[in-house]
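> Take a look at the following structure, please.
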Amino acid sequence: MPDLARKILCSVLTAGTALVTLSMAPARADEPSAELLARGEYVATAGDCIACHTRPGGKPFAGGLSMTTPMGNVISTNITPDPDHGIGKYTEQEFEQSVRHGIRRDGSRLYPAMPYVSYSGMTDEDVKALYAWLMHDVKPVAETPPATELNFPANLRITMAVWNLVAGSTTPETGDSATFDKLRRGRYLAHALEHCGTCHTPRNMMLTEKEGSYLAGASLLGWYAPDITPSKTGGIGNWTEDNLVAYLRTGHVNGLSQAAGPMGEVVEHSTSHLTDADLHALAAYILQVPAMDDDVDHTPREQFGQVLNTPDIRTGELTRIDRLDEMDGQHVYDANCAACHGDNGAGTDDHYAPSLFHNGVVGSARPDNLIMTVLHGVDRTAGNEHAFMPGFDQKSDVQRLSNAEIASVVNYVMTTFGSGNHNVTAEQVGTMRSGEATKVP
Amino acid sequence: MPSEQDLSADVVIVGSGVAGSSIANELARAGISVIVLEAGPRVDRQHFVENFRNLENKPSYQGPFPSVPWAIHPPNQMTPNDYLHTTGPDAEAYQQVYLRMMGGTTWHWAGCAWRYLPSDFELKTRYGQGRDWAVKYEDLEPFYYQAEVMMGVCGPDPAVEDLGSPRRQPYPMEALPISYAAQQFRKLVSEKTPYRVVHEPQARNTRPYDNRPTCEGHNNCMPICPIGAMYNGSYSVYHAEAAGAHFVPNAVVYKIERDSANKRVTAVHYYDPDKGSHRVTGKYFVIAAHCIETAKLLLVSADEQSPDGIANSSGHVGRNMMDHTGVQVTFISGDKALWPGRGPLETNVIDNFRDGTWRNERGAYLVHMVDDNQVDLATSLAISKGYVGRELEEQIRYLASHTVRLFSHNEGLADPDNRLTLSQTHKDVLGIPHPEVYYKLPEYTVKSCEHTRGLFRELIGLMHGTDEQWTPGYFPQDHPAGSTIMGTDPRDSVVDGFCRTHDHENLFIASSAVFSSVGTGNITLTVAALALRVADTLKKELAHA
Amino acid sequence: MAADRSCFPTNIHLASPNAMRMRRALRMSRRDMLLGAMGAAVVALGASRPGFAATEEADPVVPLFLAVSQRLTDRDVLDPQISHALYAGIIHANPERREQIHKLHDLMASGSFASARALASAAEHSDPVFKDVIHEIMTGWYRGVADQKVVVYRSALMFDITKDAVYPKTYAAGGPFYWTQTPPEVAVPTGEPALSPSKFVVEPT
């Protein structure tokens with residue numbers, strides 16, 4: 001291995017052995033208290049462990065979710081307390097090493113798909129509680145997911161040591177995180193638990209979060225995590241704290257935006273379960289981070305468009321059942337979207353299907369999220385509400401649209417109700433059909 | 001230009017509707033090779049939605065589905081008809097419509113998902129009428145549930161509303177909340193009559209299910225649900241394909257080939273649209289081509305070995321044609337505005353007459369108060385009355401909000417004289433004869449309809465109805481059944497209790513063609529349950545092979 | 001599934017179904033042709049409407065049709081695009097209508113008719129053919145149909161009149177379970193018809 005790397009490796013390994021702040025013995029003797037377990041469960045929810053550590057149709061926390069990265073697919077591990085397949089043999093100290101430092105029990109390094117850089121900000125108490133809950137209340141599952149195999153040189157986990165130096169880490173917060181004041185709590189939630197920056201902060205060439213661009217927006221290979229700084233032109237600077245709380249709790253705010261894809265999952269598994277106080281803390285914190293204007297969104301995304309009132313002049317002609325000719329954007333919209341979103345774009349009266357004007361997804365200058373939504377639909381449960389829109393990709397049971405049809409309808413929708421025509425091509429749609437962070441059973 | 005191309009699979013299925021596709025899906029998931037031959041083309045929803053909106057005669061449920069010339073289906077329900085030629089004193093009552101295309105006729109049904117009652121299977125034993133099935137309700141019960149899960153059926157909790165068909169599992173989805181109009185109707189019936197209105201079990205999503213959305217009440221179940229909240233056979237096609245089944249569209253099967261002993265079916269032959277002939281071999285064959293086309297195919301395949309058609313040693317192929325017929329009345333309710341047409345089309349039923357001791361004399365029936373948007377009809381009526389301008393608009397509002405439509409499903413009875421034969425005068429472009437059906441309504445059904453009229457008059461009175469318009473004569477309800485009837489005796493039936501033909505041990509029929517009675521519930525869930533049982537039988541036999 | 005046979009035959013409900021159909025056939029000849037053609041190869045999407053071409057070069061009757069329509073619907077504002085399309089359909093079905101619409105407009109301009117009813121009644125009295133013309137105008141605006149074809153569907157006025165209670169099929173905008181709510185009450189109408197009544201023709205399905 002390269003000389004520099006070996007030197008760094010040696011120094012890191014030496015430093016590692018000095019990290020003996022927690023007990024070495026497996027913490028089994030004492031039964032954890034109900035409060036500790038409850039806290040641990042809440043920390044797991046706020047940290048959204050389940051989102052990555054569970055595959056669709058899989059048992060909770062048993063791993064197996066495949067995440068596409070530029071280096072290849074990272075597959076999440078089983079973190080149930082099964083001794084052979086999960087973390088059953090982990091001591092509390094070993095667990096802390098994984099969560100806050102990205103080092104496995106066997107000494108190998110985790111890929112930062114596991115956001116240990118963020119979790120490094122967790123307090124000792126929260127780590128302890130999380131460990132107790134995972135070990136005590138989560139059902140062990142005797143399944144080992146496939147191993148991650150990335151492309152060279154990322155397949156050499158040792159290179160993560162170098163990466164970690166560049167990425168840096170957060171000094172852990174101290175004390176009882178439940179007693180922090182509102183902004184401190186909001187900061188803790190945003191950085192150490194919800195790890196918003198992992199998606200919403202752009203990354204540099206080394207794929208570490210860019211300094212000074214916190215929450216300024218980043219592509220997720222398919223989906224785009226938008227600028228959520230309080231910029232009044234490129235971010236969410238026109239949202240009130242209550243707006244953002246409602247969004248995080250329910251996944252949608254009429255006239256602003258709605259969550260789908262990875263953010264839909266964040267709402268479903270994590271933020272919809274946070275306490276009201278925590279939601280306000282998180283929202284307040286986010287709305288006061290440094291405002292970063294966007295490169296292409298110069299008008300607030302939710303301010304575009306209006307209701308469309310045009311008559312539906314028709315040909316009155318019918319097509320034979322085997323004529324499946326591609327339709328243009330307006331006809332694709334009429335035949336597939338208008339039933340729920342209205343010929344006028346206003347959605348349903350109860351906003352179950354949102355309006356397409358005054359809609360942050362449609363009003364973005366980036367068509368990414370609209371394309372992904374048309375392809376994959378929406379499936380998001382928050383509280384008692386299960387929001388669902390079918391996808392129109394090649395697996396749809398409702399209607400399978402071609403790349404050209406999806407491009408046409410996206411262009412139609414954005415022109416008619418959003419930020420204008422961004423000339424999405426069939427090729428672009430084709431790339432996004434296959435290239436997103438897919439879940440592989 | 002004739003050409004020969006050999007396709008082969010363990011199981012060859014003719015027809016891609018709910019029956020054929022659900023079997024294909026089950027078998028493919030069990031690793032069995034399956035080919036499904038569908039006479040019609042691949043289709044999609046968006047073109048049907050646009051066709052519907054462009055259709056001037058919107059009550060024509062066949063309207064949005066102009067067929068292809070090599071697989072014509074009846075264009076409408078008019079007699080005389082361009083394809084299904086009906087004769088006899090009640091010819092018009094058998095003017096069925098159905099669809100020949102990938103996914104089948106469930107593209108335009110109302111999603112009513114009734115289980116038959118236990119007594120429906122024992123009509124002869126219990127009431128001395130009609131015939132008994134060769135299978136009992138309890139044998140079919142697990143498959144009913146499997147079908148309900150497959151389709152996504154919502155229905156009432158039996159502890160609250162027992163519909164009379166015992167069930168071991170709750171419905172996959174909770175009952176659909178009924179519309180204001182249906183609520184008023186239910187209240188009236190409950191308070192002013194000894195009858196009841198129940199929540200109809202429906203293959204319709206009351207929550208997101210199977211990657212399809214919740215029903216939003218577009219009121220267009222027939223002819224086309226615009227969003228896929230209602231089950232149709234195409235989903236089973238997609239799932240079967242994903243599991244490895246091979247579907248061949250535009251494949252019109254015209255011949256069923258047997259071995260020299262005329263015992264086992266060896267192949268089926270189909271035409272492509274250019275009349276190229278193709279032969280498909282397999283170990284097992286399932287005809288799932290709808291009651292009409294299944295019987296037609298068995299007859300069309302007649303040859304020297306089987307001069308009366310395939311699997312027809314009993315002579316009952318094409319006989320015992322059954323359907324529900326019904327009574328229909330529309331009237332203006334004199335009370336509060338009801339505004340039918342909000343929500344799905346068929347959601348609520350008076351089910352008191354599905355069974356009873358009187359069934360030894362007259363047929364059973366169930367009653368729908370249809371939730372059908374009456375605006376277009378009200379407009380046509382008001383214009384014909386001579387209204388214009390403001391007065392016209394008031395009339396439209398009043399008529400649309402007060403029009404009530406009731407209709408019934410009255411059970412038919414197996415009568416061997418009600419018979420499907422091949423037309424001697426009409427052939428399609430491939431040279432295959434059109435189907436012909438002779439139909440005379442059983443007296444059993446006529447008496448049942450009389451009883452229904454009495455009930456309807458009672459309800460009209462209670463609703464202070466005026467301007468009643470009774471649909472004249474008897475009309476089809478597109479639930480054809482019985483054309484390859486089920487029975488224990490091979491001398492008077494075509495298939496046994498497992499839907500295996502008596503004459504050919506590797507030939508099965510999955511269709512309402514096998515029904516020995518037609519009961520009162522819509523037939524599709526029972527078709528699906530029987531099909532899933534066929535799949536179960538085939539899986540077992542192929543595993544032992 | 002029931003055959004949809006909603007019938008309001010005003011005086012023929014005792015006739016046999018076939019007799020009804022034969023009587024309809026006289027009126028329905030184009031309809032039957034279209035039904036018969038459904039099994040055969042079909043018209044392409046987006047076929048241009050022949051009527052339009054004829055009216056492209058500033059047909060002076062186009063705005064007259066709009067004016068007459070406004071009077072006959074008692075509406076001050078009607079969509080000119082829809083107007084043009086309906087007019088094109090009506091005169092395509094029957095070229096004589098162009099002259100008749102012109103005359104109807106003359107009649108309207110010659111008097112001061114304060115309501116649709118007043119105009120329609122006067123029109124039928126002056127020439128019975130105006131009853132058919134007015135029927136077609138009503139059918140066009142309220143049902144969205146002209147020349148036995150859909151010209152507009154959801155934009156038909158019948159849906160505007162009832163939009164507080166029901167949605168056009170396939171365009172329900174209430175969200176799941178909207179139908180459980182209570183819709184508006186409707187008082188018994190007191191208005192009178194303007195024209196003499198006609199047989200109510202229900203198209204066969």
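We number each residue from 1, going along the chain as drawn.
Glycine is no exception: its Cβ is also placed from the backbone N, Cα and C atoms.
Below are the features listed in TrEMBL for this protein:
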| type | residues | note |
| --- | --- | --- |
| BINDING | A:Cys49, A:Cys52, A:His53 | heme c 1 binding site |
| BINDING | A:Cys196, A:Cys199, A:His200 | heme c 2 binding site |
| BINDING | A:Cys337, A:Cys340, A:His341 | heme c 3 binding site |
| DOMAIN | A:35-138 | domain 'Cytochrome c' |
| DOMAIN | A:181-290 | domain 'Cytochrome c' |
| DOMAIN | A:324-417 | domain 'Cytochrome c' |
| SIGNAL | A:1-29 | signal peptide |
> For A:His200 (heme c 2 binding site), just count the other CB atoms lying within 10 A of its CB, please.
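Around the Cβ of A:His200 (heme c 2 binding site), 24 other Cβ atoms lie within 10 Å.
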> Starting from the Cβ centroid of A:Cys49, A:Cys52, A:His53, which together make up the recorded heme c 1 site, report each further residue of the same chain whose Cβ lies within 8 Å of that point, ordered by sequence.
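For the heme c 1 site the neighbour list reads A:Asp48, A:Ile50, A:Ala51, A:Thr54, A:Phe61, A:Gly63, A:Leu65, A:Ser76, A:Ile79.
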> For the domain 'Cytochrome c' (A:35-138), how many residues does DSSP put in helix, in strand and in coil?
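Secondary-structure composition of the domain 'Cytochrome c' (A:35-138): 46 helix, 12 strand, 46 coil.
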> Chain B proximity: which binding-site residues among A:Cys49, A:Cys52, A:Cys337, A:Cys340, A:His341 have CB distances under 8 Å? Answer 'none' if there are none.
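The binding-site residues close to chain B are A:Cys340.
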> Would you find the one among the binding-site residues A:Cys49, A:Cys52, A:Cys199, A:Cys337, A:Cys340 whose Cβ has the most company, meaning other Cβ atoms within 10 Å?
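The largest 10 Å Cβ neighbour count belongs to A:Cys49.
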> Between the Cα atoms of A:Cys337 (heme c 3 binding site) and A:Cys52 (heme c 1 binding site), what distance do you get, rounded to the nearest Å?
31
> Of all the binding-site residues given, namely A:Cys49, A:His53, A:Cys340, A:His341, which is spatially nearest to A:His200 (heme c 2 binding site) at the Cα level?
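In terms of Cα distance, A:His200 (heme c 2 binding site) lies closest to A:Cys49.
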> Tally of helix, strand and coil residues over the domain 'Cytochrome c' (A:181-290) according to DSSP?
49 helix, 12 strand, 49 coil
> Beyond the listed site residues A:Cys196, A:Cys199, A:His200, identify every same-chain residue whose Cβ lies within 8 Å of the center of their Cβ atoms for the heme c 2 site.
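Going along the sequence, the neighbours appear as A:His195, A:Gly197, A:Thr198, A:Thr201, A:Leu215, A:Ala218, A:Ala225, A:Ile228.
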> Kindly state the mean pLDDT of the domain 'Cytochrome c' (A:181-290) in the predicted structure.
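On average, pLDDT over the domain 'Cytochrome c' (A:181-290) sits at 95.
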> In the same chain, outside A:Cys337, A:Cys340, A:His341, whose C-beta lies within 8 angstroms of the Cβ mean position for the heme c 3 site?
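Same chain, not in A:Cys337, A:Cys340, A:His341, Cβ within 8 Å: A:Tyr333, A:Asn336, A:Ala338, A:Ala339, A:Gly342, A:Gly347, A:Ala353, A:Leu356.
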> With DSSP, how much of the domain 'Cytochrome c' (A:324-417) is helix, how much strand and how much coil, in residues?
37 helix, 10 strand, 47 coil
